[in-house]
Amino acid sequence: MLDICLLGTGGMMPLPYRWLTSMMARCRGSNLLIDCGEGTQVALKEKGWSPKPIDVICFTHYHADHISGLPGLLLTMGNAERVEPLTLVGPKGLERVVSALRTIAPELPFELKFVELTENREHMELGPYVIDAYRVNHNVICYGYSISIPRTGRFDVERAKAEAIPQKFWSRLQKGEEMEHEGRLLTPGMVLGPDRRGLKVTYCTDTRPVPVIAEYAAGADLFICEGMYGEKDKAAKAKEYKHMTFYEAAYLAREAQPAQMWLTHYSPSLTRPEEYMDEVRSIFPRAKAARDGWTMELEFDED
Ligand SMILES: [Zn+2]
Ligand SMILES: [Zn+2]
């Protein structure tokens, strides 16, 4: 239903065994990517997931480790003969930054659409994805994202009958279609019960631990969160460069109570993130030090 892959777990620069942090989601034939640093397309290739169906790329911010892989990825998508438009979402300046990168990828067989974030919180729907962007606190403008797949209510026969909707329209309405019948607009809302619990993944990197992160990660199926440093003596450095320690991330997770948290965006100097996890799990037990290529397949609850 919603497949998630954390393509890389590195911060600042790619390493031979660790690609830069980025996440790909797949749902109903439409892919969404968050961030695209140097080497992201190699990580994608390693995973065996195709770049061609990427319909949306969200950027957290414009530091090179989060966007420098874009021109190469665009070229690959063009070589795969993609023709459908691609939507790019990111902080103010998106079109200017991408245009500059496009000087080395000028001709593409598909159109680029730009969605520039200007408010502290923004909400949009693109294909199967409901995207919530929220401003975090880094040394440049930076956003976190919640990616959700909503789930409609159960089909309610009694309501459909009460609304006098002919049975031949029921299944189309249930699938979300609207239609006109004898001068009357029929909508899915006329035959469906209340919305059911959907799926949600919340992603944030490159920020200090601000309360808005826990707010968006609340109840998420998966919370992917920056943990730049595990070493206790790096707490001041995290503050100075506007990053997070493992423990700060864990406190956010404790507040938000997601089903699981994966740490990512490790400092290149941090070679063994697992070493710090006992203490992290004493703060939030469902925390894991993610590795490149980890995937999670999320399904709607059975009911
Ligand atoms: Zn970064
Ligand atoms: Zn950054």
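Here the Cβ of each residue, glycine as well, is placed from N, Cα and C on the backbone.
Annotated in TrEMBL:
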type	residues	note
DOMAIN	31-266	domain 'Metallo-beta-lactamase'
BINDING	H61, H63, H138, D206	Zn(2+) 1 binding site
BINDING	D65, H66, D206, H265	Zn(2+) 2 binding site
ACT_SITE	D65	active site, proton acceptor
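This view paints the features noted in TrEMBL onto the structure.
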{"residue": "H61", "record": "Zn(2+) 1 binding site", "Cβ contacts under 8 Å, 6 or more apart": "G90, P91, H138, V140, I141, C142, Y143, D206"}
{"residue": "H63", "record": "Zn(2+) 1 binding site", "Cβ contacts under 8 Å, 6 or more apart": "V140, D206"}
{"residue": "D65", "record": "Zn(2+) 2 binding site", "Cβ contacts under 8 Å, 6 or more apart": "G10, G11, M12, M13, L20, T21, G37, E38"}
{"residue": "H66", "record": "Zn(2+) 2 binding site", "Cβ contacts under 8 Å, 6 or more apart": "L20, T21, S22, D35, C36, G37, F59, T60, T205, D206"}
{"residue": "H265", "record": "Zn(2+) 2 binding site", "Cβ contacts under 8 Å, 6 or more apart": "T9, G10, G11, T21, T205, D206, E226, G227, M228, H243"}
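Between the binding-site residues H138, D206, D206 has the most other Cβ atoms inside 10 Å of its own Cβ, all protein chains included. Taken in sequence order, the binding-site residues H61, H63, D65, H138 that lie near ligand 1, meaning a CB under 6 Å from one of its atoms, are H63, D65. Classification of H61 (Zn(2+) 1 binding site) by DSSP places it in coil, neither helical nor stranded. Report note: the Zn(2+) 2 site is defined by D65, H66, D206, H265, and the residues of the same chain whose CB lies within 8 Å of the CB centroid of those residues, excluding them, are G11, M12, L20, T21, D35, G37, T60, H61, H63, T205, E226. Mapped onto three states, the DSSP output places H66 (Zn(2+) 2 binding site) in helix. According to DSSP, H265 (Zn(2+) 2 binding site) sits in a coil region rather than a helix or strand.
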